[in-house]
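As written in TrEMBL, here are the features:
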{"type": "DOMAIN", "residues": "54-164", "note": "domain 'F5/8 type C'"}
{"type": "DOMAIN", "residues": "170-318", "note": "domain 'Laminin G'"}
{"type": "DOMAIN", "residues": "309-476", "note": "domain 'Laminin G'"}
{"type": "DOMAIN", "residues": "478-515", "note": "domain 'EGF-like'"}
{"type": "DOMAIN", "residues": "514-566", "note": "domain 'Fibrinogen C-terminal'"}
{"type": "DOMAIN", "residues": "723-888", "note": "domain 'Laminin G'"}
{"type": "DISULFID", "residues": "861-888", "note": "disulfide bond"}
{"type": "DOMAIN", "residues": "889-927", "note": "domain 'EGF-like'"}
{"type": "DOMAIN", "residues": "950-1131", "note": "domain 'Laminin G'"}
{"type": "TRANSMEM", "residues": "1143-1166", "note": "transmembrane segment"}
């Protein structure tokens, strides 16, 4: 460990290979030397040209892995480097790695702030490229390793290093020694502490410092499994070691390189910093000061000799072959240490003398497995170890006395192959040791010995020993990709050598980094997806920091009400309270205060009923008007107005309605009578809601009492859904603060326009940018640059998008991937490479509807703009911006939902129509259930006319930094009612023998089967053991994204499952409802398929397909095959009509129904006959429209040439309305 102090500005030039054009300070430190190496000619590995004549360094063209090494003669603090090509040549380096070392033996790769190891070099021989380090290097040796160079020339390099002299005091520890520091006083008590040190070690365990106090205070800093753990307690008589909780930080700290530690404490607040990572926490204990009066031993060691490692870079092509001299016993012994993140990989393989016997040592499922192949068909295996892919060093020793190595006459005898790749090295034409394992080892090795002879890897590097491919010598290139943790919302990070993964289980979020909420943002959003009343989890801020909360969504009225309950909804009687000792009740809601605030802010209106009855209990003092009782709002403010009245006025609803029992008072309770009075009302000023506390202070007199009940919070409307702005000048835009989206950003909105192109939004940095635009009438593009070069995703629609109809856009970018979704078109998806810049650095304003240059601006309407869970108020900003107006003209631009259940509202000159072609529902507003009764032999099969991939949408513009991929996704929803089990509900099959099946098992429980790989067992999920074959209607929703499957049964069961694979369905063939025969399914699925389904299926949706509706309305189509007897039913409608609000009591329901029956019977009988006639006419028109729609849809699928023309000739119902005209309507 050591400490050090800066004594000068650290920007001096420390070395240079040639000073013609790289300038440096006159104070340049001249004590340096160069060392360069060729791996081609082992007899003379240092034949390089560093003289003035050559103009820089250039290795031989035949060199395999050239590098340039600088020895600064002493440890320096390096803050920057500069490179230049070789003078007067076509040789330069365009990309390189930078390694550093204290000894020149063990090296570490320098990584920039985002973990990027690659440095951008030169583009010509004369230009100078500077790189200033985000964190300095304190080292003696530097090594430049070229990665890329001029393809028309060769490697050429001149370098300069900038920094200053570094002085420090160093103490070595051998694991048994300790350094004791004694304070001047017997005891020292501190409120503020700052402890800093630097350390390096090759061991993963050891105590760095420790101190204790007699009252129980202690501080311990130690290495544990390569991470730094801090134990700190400010307590009284707490026994150290009992129940201690450590704060851990850092990773792979046993790499023999220096690491910085800083501990800052003020009272109980502590900052722990290791290198560039900081963690804030609050320490345990009862006190605020640290009292230390004696010290313990230090068992930290770092004085062992340097251990040289080798990195196997590739899991497909890295290998190392080494010579082995036979031992006296005729057997062999191999020892080595390894570390890796990969759960699988071949460590060692060798052919034995008794052909065809072979020995393999590999990592399999995170364990070590030794396999002895005795013949081509027989083998013996043994496994040991646990989680050997944890990134720590593990030692392996393998020996045998009875097995003989085979002699191979190629340069060396007894070739032992370590880490055999997929393609074998060319050792000999008839090499019997060549195998093709599925995955080679990717990681680090060191201390390799064969038959007790250490292997000198320097000899291998120089070509004097063995053979190799894709290795990096003298360094272990392991990198912890989970530090920092890029998994959001509490996602658990795991990793392989090349990338990291996020486990989002139990978080309520999904996506590559657990960024996206799996729940809708409001009850209004659930209604738009076709849901009915029930309990739902909503996430008011989407991908923002707030989690989801459960609410009740009442969808029985025209308005969708969100109901949030609390802990005291029953009536409460209060007696014996005074103003000095009042009765206080605090309400704990099912949502957090932050969630409630977001819910209220996003709603159009909120209200809360306050039932208050009193007897000789006043609300206000009759002498001076001071309040005797009050309630507290969501912000903690005291409120003295009561239900039904306006804020700021100490009155009740009876005063507003002028019906108080005593007109001398503003509240009935203030009359102070012996009889019961009532001041019940509804609080509706939403900025003050919900009620967080009630205080009652006048129930202490004889006969005095109060009775109150605070109802649940009820809100309706979603302000964001129709928050819109109209742009009618190309140079106009709305501006907002800079987008905060360094690591992740999701952007979603709707637009409609008639212009061919325009920028929806843009934000800029010095070099970085992010932009979403309509680049042509049928193409939406999402482009950005985080420092790796521009990335462009484009989604092309088969119909124009400038058709004056609303279209949905969602763009997302995070450190692992980028995606773009437009309407129901397939998702465009690009996966980022593992090593690249991560942070999107922006500094300009966010421009919406235009650009900073006032060019290519968007003309049309944008609504519901949401970025990272935050809704942008376009209307408010539009009111003060020239060229932009609030709202959007048109019939489909209002807050009332005209089309339901994925139905699409389409503007017409004299009204609007609802396009229900993407919905499983029908009717003029896409609200009518489409239900069919099945018998045992019935089935409906929807055939996809051509091989269809759910996620097929390839890019022709993939960036070199982002690798294009597909994301498997399925969305299924349906309702069913049956008493049969087992039963087959739904199957989806592919041409590649994959399938999805949803069945009822023999006990009536629901089972979901996913078979995504032919040669693997299927994934089977059974969410609930209870039987669903109970004669009741059940609603099922299944959503898959990659490996994650989300399931909802009715409104009360929500489950998440993880598949064994994220494979997509390849070439979907058909979807079948009911009986299935002749398929290659698993036995239990086939048993259910043979039984068929007896009951009612309703509103079936698979992605964009509604097979049940297609069967009813398009029986003649080749797309739909119907077997058995099908009868159109109304089971879905009947079930919905029997649904009641669970918060209402049975008695209330009976009374209400009794009163209503009498009231409506006369009107019902009067209108019944006319209604029947109207319904008959509408049903015939509806049937005709649906039949026409599906005929057109079939023609659309059968005739690609006419797809664009007929794309919107679907299930449409014209709604007449007065034509809306506007002087700016031309672009909408």
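Glycine residues also receive a Cβ, built from the backbone N, Cα and C atoms like all the rest.
Most Cβ pairs within less than 8 Å of the domain 'F5/8 type C' (54-164), among stretches 723-888, 889-927, 950-1131, belong to 723-888.
Taken through DSSP, the domain 'EGF-like' (889-927) splits into 3 helix, 11 strand, 25 coil.
Taken through DSSP, the domain 'F5/8 type C' (54-164) splits into 0 helix, 62 strand, 49 coil. Computed over the domain 'F5/8 type C' (54-164), the whole-number mean pLDDT of the model equals 88. The number of other Cβ atoms within 10 Å of the Cβ belonging to residue 888 (disulfide bond), over all protein chains shown, comes to 28. Note on the domain 'Fibrinogen C-terminal' (514-566): DSSP counts are 6 helix, 18 strand, 29 coil.
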